[in-house]
Amino acid sequence: MAEGEPIRVVVTGAAGQIAYSLISMIANGDVFGTKQPVILHLLDIPPAMGVLEGVCMEIDDLALPLVKGYVKTTEPEVAFKDVDAAFLVGAMPRREGMERKDLLSANVKIFKVQGEALNKYAKKDVKVLVVGNPANTNALICSFYAPSIPKENFTAMTRLDQNRAQSAIAKRLGLCVSNVKNVTIWGNHSSTQFPDVFNASVTSSDSSKSVYDSINDTQWLEGDFIKTIQTRGAAVIQARKMSSAMSAAKAAVDHMRDWWSGTASGSWVSMGVISDGSYGVPKDLIYSLPVSISNKQWKIVQGLKITDFAKNKLDLTAKELLEEKEEAMAVCNA
Ligand SMILES: NC(=O)C1=CN([C@@H]2O[C@H](COP(=O)(O)OP(=O)(O)OC[C@H]3O[C@@H](n4cnc5c(N)ncnc54)[C@H](O)[C@@H]3O)[C@@H](O)[C@H]2O)C=CC1
Ligand SMILES: O=C([O-])CC(=O)C(=O)O
């Protein structure tokens, strides 16, 4: 695409709380670059149209030069027409006491309908990021109903978990989050996820040391640290009475920006992507894996050391995803 030509970016759930932060960051150039104009496609359901009208007024009032227009709609065929990138946020959030998979029966059909619409109307190289929970299984269903688009183009967001883990390690060490590199989130965006710092490092201007050596507290790293990241979403809900939104929007920006622009040499990020059997993960799940990215293509980072401790955790979260897949297919076929 010639520089200067706008790309079309859809945000679903555009009247919701994550979108409220996300839209302004896209409009500001934080995702696709400060030279890339955008046309925003904003999808929500009829009862949310009044709120969305207000969001559109605010988009005007942002007065940002990259926004070349917006389309406000309740129709998937309008929302997904010719889009280059899709942020699929619109779905019910969980409340206190629920697991994310409890949302499956309510949300998965949204992703069937949107998969079908992407299949018919979107560009074939559209990059799809599913945020709505349960994100991994929703992404799998979306891809299943969009067979004309490569499976590699459907991803689920585990970047918020990565950001949480990186931040927790930096805080423990009294360092800046940018000093912590190559944290990996394996598996499901759920309480079975495995936040893994075995291959992560702490860097400063002239040195690099493993996180394990720097922290020097295996009991914490393999106990409280993991539990805290696995249950961080629930902790935010308990405190806010609403689920994470500001941090979720920032993570969506990080995920799509890195997919669009690539990762630095020697570093990786975590994304829910279609599994190919790497690391013994069953094929054809949307499973969070370490990926490096160049030319807008992600590649699974191979050869990381998996301890017996880690292997058990990888298997446990895969088992949950297999169960979710079965349940989701049953809901969609009912
Ligand atoms: N993967 C992740 O790390 C995270 C995922 N989430 C998930 O993101 C989703 C959205 O969260 P919030 O923005 O806080 O929720 P929200 O309730 O504030 O907004 C959701 C919006 O989606 C709309 N919506 C519902 N059905 C729709 C449909 N069929 N098409 C288009 N729009 C539709 C609603 O009308 C509402 O405006 C939830 O499922 C939440 O659990 C939240 C945080 C992190
Ligand atoms: O916990 C939730 O339901 C929202 C979410 O996915 C998160 O904050 O990670």
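Quick reminder: no glycine exception, Cβ is built from N, Cα and C everywhere.
Unlike curated records, TrEMBL annotations are generated automatically.
Helix first, then strand, then coil: DSSP counts for the domain 'Lactate/malate dehydrogenase N-terminal' (8-154) stand at 67 helix, 27 strand, 53 coil. Annotation source TrEMBL lists domain 'Lactate/malate dehydrogenase N-terminal' at 8-154.
Positions annotated as NAD(+) binding site by TrEMBL: Asp44, Asn107, Val131, Gly132, Asn133. When Cβ atoms from all protein chains are considered, those within 10 Å of Asn107 (NAD(+) binding site) total 24, not counting its own.
Sequence-distant contacts of Arg94 (substrate binding site), defined as residues of its own chain at least six apart whose C-beta falls under 8 angstroms from its C-beta, comprise Arg100, Asp102, Leu103, Asn133, Ile237, Ser243. If you look up TrEMBL, you'll see Arg94, Arg100, Asn133, Arg164 marked as substrate binding site.
Residues or ranges marked as domain 'Lactate/malate dehydrogenase C-terminal' in TrEMBL: 158-330.
Look at TrEMBL and you will find His189 tagged as active site, proton acceptor. Cβ-based neighbour count (10 Å, all protein chains) for His189 (active site, proton acceptor) stands at 29.
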Neighbouring C-beta atoms (10 Å sphere around the C-beta of Asp44 (NAD(+) binding site)): 23
Residues among the binding-site residues Asp44, Arg94, Asn107, Asn133, Arg164 that border ligand 2 - Cβ under 6 angstroms, in sequence order: Arg94, Asn133
Assigned conformation of Arg164 (substrate binding site) - DSSP reduced to three states: helix
Whole-number Å value of the largest CA-CA distance among Asp44, Asn107, Val131, Gly132, Asn133, listed as NAD(+)-binding: 16
Arg164 (substrate binding site) and Asp44 (NAD(+) binding site), Cα-Cα, nearest whole angstrom: 29
